[in-house]
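A.B. asks: So that we are looking at the same thing, I have put the structure below in structure tokens.
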There are 2 protein chains.
Amino acid sequence: MVRYKAVIAYDGTNFHGFQRQPNGRTVQEEIENTLQKMNNGQPIMIFGSGRTDAGVHAIGQVIHFDFPQERPEERMRFGLDTQTPDDIAVRSIEIVSEEFHARYDVQEKTYQFKVQIQKPRSPFLRFYAAYYPYPLDLDKIQQALPDLLGTHDFTSFCATGSSIEDKVRTIYQADMEVNADRSEITFIFRGNGFLYKMIRILVGTLLKIGNGRLAADSLPEIIAQKDRNAAGPTAHPEGLYLAEVKYKKTK
Amino acid sequence: MVRYKAVIAYDGTNFHGFQRQPNGRTVQEEIENTLQKMNNGQPIMIFGSGRTDAGVHAIGQVIHFDFPQERPEERMRFGLDTQTPDDIAVRSIEIVSEEFHARYDVQEKTYQFKVQIQKPRSPFLRFYAAYYPYPLDLDKIQQALPDLLGTHDFTSFCATGSSIEDKVRTIYQADMEVNADRSEITFIFRGNGFLYKMIRILVGTLLKIGNGRLAADSLPEIIAQKDRNAAGPTAHPEGLYLAEVKYKKTK
């Protein structure tokens, strides 16, 4: 068995998320089906760095899988890329140690969240950005973002019903970029891990701050409350992109 | 009757082009259906600055139509924008003289054509850019572009079967922009009018120059031949955007 690590991109619009499920097309299912064909009909399981929800996109999701024979990396990449559907791209593949695990060895993840803030809603962004055509003071959002940095218990920003017990995470980067014509903003969050729907709740809360319905300095208090009801709403999935996954030094 | 001029954008992916036809969903049909609803069931015809083919997008297509009652411009824009499907956006509407005609009064049009030039094909660009993953010398394309400027008989760049007799057009601008990571190029063409499939044949020819299969100085000779076979292939429609239509001073 040879272990392969692959960096993949996908347009989440027509997927019911990354993880295989009984009803609905998923990224895992499509890639596993392709690998099975490449493996003479024998099934192969893939492991992702984490799940993504329905409608959520990936620029740099990472997976690993074991293949019975060693094939040159570029041949494996090309085969998998061209045989998966067009809404999945295989950007790179490398052979790694069999101790590498796409999920357990994650060191940090970067997410981007794109919001269209100008009317009318662009037909080109309807699946690729959330839409917020309301008054927005971007300075207030800029002012609030640094309060997210560092190590905190992010219970207030975790969807209720999550079974994860330890909700302490460290955020290294929390930035916002504005495009040239000020029609779109993009949030960038980088951390050692994120809770279920955490980025979307962070964005929903930051937009509420920008809209003036929460004070610019309210994040520390919201974090301290450890209560999902203290934070803002969950932003729509179509704005979210898993941008990059970094790993500990390959074993 | 009050004449309205509207600037619209649409994602051409799920349309069989702009112009109404018996089989297949079109932009004209969707807008006319919406206007009919807004007009108590009485039909209203729209006139576009020109057609766009299946898969071709618009950022700034212009239409005009006559509506029996005068309504405030923003109310008309909002009504039409929100009642048309999500792949059409109504960007602006203004009341114009009843002598204004969206097609006959065109002074110049600007088209953009986007090409992804890096492997693998991005899932996010599969409907929004043509794909050319072959060797490309961008300097040769830059060198060739100025040969398109000015007034020429563009018969060589007109799809065969076009019924238009006068194939003389004037091109004011022919540029290429490269994005930051050199994964995409965007052509910009501005002229007093373009023939059927002209932009796509221009792009197919320029890519052939960049690929070295035509010399960088071959455009004047191709134009002189007045023969469609002298030019390159027709680039795919998904890269093409009608960006802007300008008019003579409103009468």
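Placed from the backbone N, Cα and C atoms, the Cβ positions cover glycine too.
Automated prediction, rather than curation, is the source of TrEMBL annotations.
These figures come from a predicted structure and were not determined experimentally.
The feature domain 'Pseudouridine synthase I TruA alpha/beta' is assigned by TrEMBL to A:6-105, A:147-247. Per TrEMBL, active site, nucleophile is recorded for A:ASP53. The annotation substrate binding site is assigned in TrEMBL to A:TYR111.
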A.B. asks: Distance check, please: Cα of the residue listed as 'substrate binding site' against Cα of the residue listed as 'active site, nucleophile', rounded to an integer number of angstrom.
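C.D. replies: Distance (Cα to Cα, whole Å): 13 Å.
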A.B. asks: Give me the long-range Cβ neighbours of A:ASP53 (active site, nucleophile): same chain, 6+ apart, Cβ under 8 Å, in sequence order.
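C.D. replies: Long-range Cβ contacts: A:GLY12, A:GLY17, A:LYS197, A:PRO237, A:LEU240.
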A.B. asks: Tell me whether the residue listed as 'active site, nucleophile' sits in a helix, a strand or coil according to DSSP.
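C.D. replies: DSSP assigns the residue listed as 'active site, nucleophile' to coil.
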A.B. asks: Averaged across the domain 'Pseudouridine synthase I TruA alpha/beta' (A:6-105), what pLDDT does the model get? Just tell me the whole number, please.
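C.D. replies: Mean pLDDT across the domain 'Pseudouridine synthase I TruA alpha/beta' (A:6-105) comes out at 97.
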A.B. asks: Around A:TYR111 (substrate binding site), how many other CB atoms lie within 10 A of its CB?
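C.D. replies: If we count other Cβ atoms within 10 Å of A:TYR111 (substrate binding site), we arrive at 24.
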A.B. asks: I'd like the per-state residue tally for the domain 'Pseudouridine synthase I TruA alpha/beta' (A:147-247) from DSSP, helix first, then strand, then coil.
C.D. replies: 31 helix, 31 strand, 39 coil
